[in-house]
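What follows is a set of notes on a single structure, which appears directly below.
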Amino acid sequence: MFELGNLSGEASSSLLTNSTSGIHEDHSMTGSIDGSFLETSAESGVPCKSEEEGGCQLQEELAGGSSGGGSSVSGFYTVEYPVTQVNGCRQYGPPRSWRGPSPGYGCEVYAKRIPANFTEVHLVPIFERCGRLYEIRLMMDYNNQNRRYCFVRYTNEEDARLAIELLNHHFVRGNQTIEVQKSFEKCRLFVANLPKELDRKTIEVSFRSLFPEMTRLVMHNRIADGTTNRGFAFMDFPDHGSALRAKKQTTPGCLRMWDRDIKIVWANPQRALDHSNADEVKTLFVRNVDLQVSTKELYMLFSRVVDRQDIVKISRVREFAFVEFTRRFHAAFAMHAVQGFQLNGYTLDIEWAMPPLR
């Protein structure tokens, strides 16, 4: 791993005039830093959110450091935001002055279709206009060019939503535009080719011995007979880092168990709940409901944790059910209380019901 731009306050005001100035390396490396950067603020239709707070700091530094026809960077690599690169990931930040836990995944956006020669020098002026940045993670290839996508995390969710609204299809060079979307946290692995005769407990014990960071195994039996599993499962982890470590143990995506190759890959990301309408969702989606369980029995189950008058209605569709409540508070309480409950031998899996796509 090497670190870029760990400069003092005095040094940060000097110009970065060549590819090696202001770089501290722990190991020898080849390559250069592209000193060029995008024309900012004046040509962009995206306002700078921090102008009311005294202007964009980096933007002012860039403008103050530019002179003549040559490209220059002034005060970019500072003590506050270190730049590091390890295992093909070039990271800007997090700020050294940050205290407390890192912002959640709701504060992160995913940007793609980035020009291949872009670095944080180009990206920070663009994304900083929507709010204070926590970090930028830019994926790099072996030629020291980016892989055309990055992850940008803000210090709060409001700034991330603003970036999606303002920067999606934003022009960055000529007719080139970038796409900015909500980032999905990859913390779930999909496991396939499981022996169908094995029960849940046997599979869970085996996986926990291999992946101690696993928080939950999601696996359902076949509704038709109730004795055999469906041949696949999901492993949940507390964060992306722990899920990535587990996946690397199975590289290239297979694990030899029970005299067969068990396939372990990333699970498809679930559609995220729109936070602007989150308070309006009061319905739970219940999976793995035994076909013999009646709607009356479901009413009795949920009435144990909330009052009967707080339940609006329960609808059944095959092995699924929808439970609607009068208030979101009651729905959230019921979800945590009933999650994982075994009803007629089937483990219930509960999550928020998604509103229809518009």
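Cβ atoms are placed via backbone N, Cα and C, with glycine included.
Checking TrEMBL for region 'Disordered' across the ranges 1-35, 71-105 points to 1-35.
Across the domain 'RRM' (107-185), the model assigns an average pLDDT of 91.
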